[in-house]
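**Student:** First the structure, then my questions, so here it is.
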Amino acid sequence: MTISHLELTDVCIDFPTPNGPFRALNHVNLNVDKGEFISLIGHSGCGKSTVLNIVAGLHQATQGGVVLDGKEVDQPGPERAVVFQNHSLLPWLSAYENVELAVKQVFKRSKTKAEMREWIEHNMQLVHMEHAMDKRPGEISGGMKQRVGIARALAMEPKVLLMDEPFGALDALTRAHLQDSLMEIHADLGNTVIMITHDVDEAVLLSDRIVMMTNGPAATIGDILKIELERPRERVSMSESEEYNHYRHEVLKFLYERQRNPADVEPEVAEEKPDKGPELELVGKEDAA
Amino acid sequence: MEQSHNSLKEINGATMKLLKLTTGWLEPVIKLLKGENPKQQLTIIGRSLIVPLIGIAVFLAIWQGTAPRIVTSLGAFPGPVQVWEQSVNLVAEHNEEREKAEAFYERQRLRNEKKLAKNPDAKVKIRSYTGKPTFLDQIVTSLVTVMTGFLLASAIAIPVGILIGLSPTLYGAINPLIQLFKPVSPLAWLPLVTMVVSAVYVSSDPMFSKSFITSMLTVLLCCLWPTMINTAVGVAGISKDLLNVSKVLSLGWWTHIFKIVLPSAIPMMFTGLRLSLGIAWMVLIAAEMLAQNPGLGKFVWDEFQNGSSNSLGRIMVAVLVIGFIGFILDRIMLSLQKGASWDKSAVLR
């Protein structure tokens, strides 16, 4: 068997608390192939972000570890670019300069100034932001900021693109636009992507595999659903597809039957409460933030 | 009026930008002169210029009304009119003194030329004029002292502030010292500074006078703390997301400092700098009075000791000038802050 592109082997993490270590993740095993689009889904507090942070190198696993192309991940680095939930652009730099900061860091030896400029502009075009390159983050909308954030991550030419609820703070229409853009880019560039999401539709529409996580503490991977929908996927026709709805149903079943929201599993009163996840959107894509 | 309007029009772009930053009311005046939406400009001028002027006029009226009733051993307390007269006098005295100085140098030059004409090898002595420093000289001395102390203090406080903001350990080590020294009036340091400067700063041909070094160090001591604390707080408060960005990009230490840390700490840093400069100006005047070091403080003290019938008026002129300079210094800092701030939506005042 060949070695996977990205390998998470027996990853466990303990966070120190006054009452002793708290095990957040327990024995997470996952192999990701090159070019694969993976979604992590689960209830709040199940450690999705922790998994992503470990792959990014921002957290260190207590036990087990992550290997990317045969090299162990022990610190953050631009080959594992992160798109943060709240864009995290530097507010004192223009969109162009934000991307430039990343490009200069990654290509300072391999690209000339003109090549860098071209590369930055190319990435801005990928996310359809070439018209607002000189605007500062404070002057553009949330969706545009997130586009720049994606451009910054793409411009690093990462081996793995890590996205932490990239569209969580956006309204439904903007989110749909960005999802379409992301699918286009993924089809063009074939990046390996790991994306955290709360949105079942988003997960089914975008992913090759959906990794469903059990509830914490000591969260782990509950099930992995392979999505074998043909690409390119088109959201409107998908919504009528039986296959699509089947996948959607599978995820929902996992989330609401096998892994109930921990907030609802309080003893005694739990029976009376209607079964709904406050952070999860089921039907519509009404904006959470 | 007509003339000033015309000259205003001629002000070039760069100066206009500076003026706009320092004086908010000038902008609508300039726009009005250009004929841009006159009604709106007039409303803005009314709010930002007329209302403050009314306030000043009322103050002057109350001052003029009450001053003559306060009778001191040096005569009645000066009203606005006397103070104005004295300010004219002070400028006249300054001009007189300058003429005297010029005359002195002219005489010296002629004398030396004569000497050299007689004997080309003669040694020529050039003495500098040792007249009494005028009010305007004292203003310049005070300004130079305060700016030197302030700039030196900032050059120390900002890097230290950044370092203790970055490292909680270093912060823990230095914070008790800051807390201990911050509430100390720099005037308490003055005797120590004076003694240390006299002992340490020994030179046959000193570049700066001892009194300048003493006043400047006193200013420096009081400028350190607000800048240092505010810079540290600003640096420590950088959003965790931006720190993560820096980590993911694997930014080097210097890039991290200049691209992430400094820009996010700038608003707090400037708060500290403005506080420092305000305190420095107040402290300097007091230090000059106490130590008899040249500057505005010495002028006030000398006039107090002098005790002529004009003294109170002259002191009052100094008081107003001190206030005005303090105000201008703060405005300059504010415009620098506005220039350096990336968050243009923040309301700075």
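Yeah, the Cβs are placed from backbone N, Cα and C, and that goes for glycine too.
Heads up, TrEMBL stuff is auto-annotated, nobody curated it.
What you are looking at is a predicted structure, and each value in this text was computed from that prediction instead of being measured.
Got these off TrEMBL a minute ago, pasting:
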DOMAIN    B:139-333  domain 'ABC transmembrane type-1'
TRANSMEM  B:44-63  transmembrane segment
TRANSMEM  B:139-166  transmembrane segment
TRANSMEM  B:186-204  transmembrane segment
TRANSMEM  B:216-239  transmembrane segment
TRANSMEM  B:275-291  transmembrane segment
TRANSMEM  B:311-329  transmembrane segment
**Student:** I need to check the long-range neighbours of the transmembrane segment (B:311-329): which residues 6 or more away from its ends have a CB within less than 8 Å of a CB in the stretch?
**Tutor:** 72, 74-75, 77-78, 82-83, 85-87, 89-90, 135, 139, 142-143, 146, 277-278, 281-282, 285, 296, 299-300, 303-304
**Student:** Please indicate, using numbers and ranges, the residues of the same chain that are 6 or more beyond the transmembrane segment (B:216-239) and have a C-beta under 8 Å from a C-beta there.
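**Tutor:** Residues packing against the transmembrane segment (B:216-239) from afar: 145-146, 148-150, 152-154, 156-158, 160-162, 164-166, 168, 171, 178, 181-182, 185-187, 189-190, 193, 197, 208, 260-261, 264-269, 271-273, 275-277, 279-280, 283-284, 287.
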**Student:** Any contact between the transmembrane segment (B:275-291) and the transmembrane segment (B:44-63)? By contact I mean 3+ C-beta pairs closer than 8 Å, pairs at least 6 apart along the chain.
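**Tutor:** Answer no: the transmembrane segment (B:275-291) and the transmembrane segment (B:44-63) share fewer than 3 Cβ pairs below 8 Å.
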**Student:** In the same chain, which residue numbers or ranges, 6 or more beyond the ends of the transmembrane segment (B:186-204), come under 8 angstroms Cβ to Cβ?
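**Tutor:** Non-local partners: 210, 213-214, 217-219, 221-222, 283, 286-287, 290-291.
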**Student:** Give the nonlocal contacts of the transmembrane segment (B:139-166) in its own chain as ranges (CB under 8 Å, at least six residues past its ends).
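**Tutor:** The answer is 133, 174-175, 212, 215-221, 223-225, 227-236, 257, 261-262, 265, 269, 272-273, 276-277, 280-281, 284-285, 288, 294-297, 321, 325, 329.
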